[in-house]
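Down below is the structure, laid out as structure tokens.
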């Protein structure tokens, strides 16, 4: 709840700041194509995207509600899961509504400031999601390698500080994106071949020098993903080392099963992102509509599937969801 309300408040502040700083030059509006090359069938593509968004809303709100109202779930793993669900809500809601209006209602135009604001939140909260996955890997490491000190090491105060660091990292690293874009001059057609405002797609429209924007965007992507994947890899290497020392196959299987949900979420987040990044950087022969679809799915699939993964694979969450629906059905 706090993260979603923060999104609304910060959106207003960012729009005001960008408006005040962009008075020097005319502000172009942008035209979002949607899925280039598939304009005739875009309304059919919108249907599965709408289903993914609905799943993301219902699933993540349910996860937050269950953890918020059940004091027995106020443990590190579930608190991090609640933060992840809040980030997923913001990420999906920053992307899907405008993308769906483009694909269904053909409302292609988007204002300059609104475009930069959407771009900032999409990239900032993607960075935050990656950071929370690192924090969840740390939680699994402490739970398996130092089980007796788990609640002492990761007490609520530490979890709050970790969440604040993840939030600030996303803001500090990504706020230069819209600021640097303010210095660009757009003198050609401002048509974005995307269903939402993506950073490099906007940068490519400028007719002024963009080397700083391109270099900074690539540096942030490599820094965030590189360091986060390295941290997750180290955590799981230490977990694997500790589990292999445990005598008995059943005990090892139980230790591995506690990481199952987190590993699934990591794969759901990083694999589509990796394909999207590689096709954008090196996929000269990949059709552009494939890249746009991958980039859109990258922002909607993880928020939609994460609650399902944790709901199915985590017994405590699954039982409480069933209890809530059973109670409502009985009444």
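Cβ atoms are placed via backbone N, Cα and C, with glycine included.
The stretch that TrEMBL tags with transmembrane segment, taken from the ranges 290-310, 311-331, is 290-310. For the transmembrane segment (110-138), the most Cβ-contacting stretch among 44-67, 79-104, 158-181, 220-243, 255-278 is 158-181 (pairs under 8 Å). If you look at the transmembrane segment (255-278), the same-chain residues 6 or more away from its ends with a CB under 8 A from one of its CBs are 84, 126, 129-130, 133, 136-137, 140, 143-144, 221, 225, 229, 232, 236, 239, 242-243, 246, 291, 294-295, 297-298, 301-302, 305-306, 309-310, 313-314. Contact check: the transmembrane segment (44-67) against the transmembrane segment (220-243) gives fewer than three Cβ pairs closer than 8 Å, residues 6 or more apart, which falls short of the contact criterion. Sequence-distant contacts of the transmembrane segment (79-104) (same chain, six or more residues past either end, CB-CB distance under 8 Å): 1-4, 7, 32-35, 42-43, 45-46, 49-50, 52-53, 56-57, 59-61, 63-64, 67-68, 110, 118, 121-122, 125-126, 128-129, 132-133, 135-136, 139, 156, 159, 163, 166, 195-196, 265, 296, 299-300, 302-304, 306-307, 310, 317.
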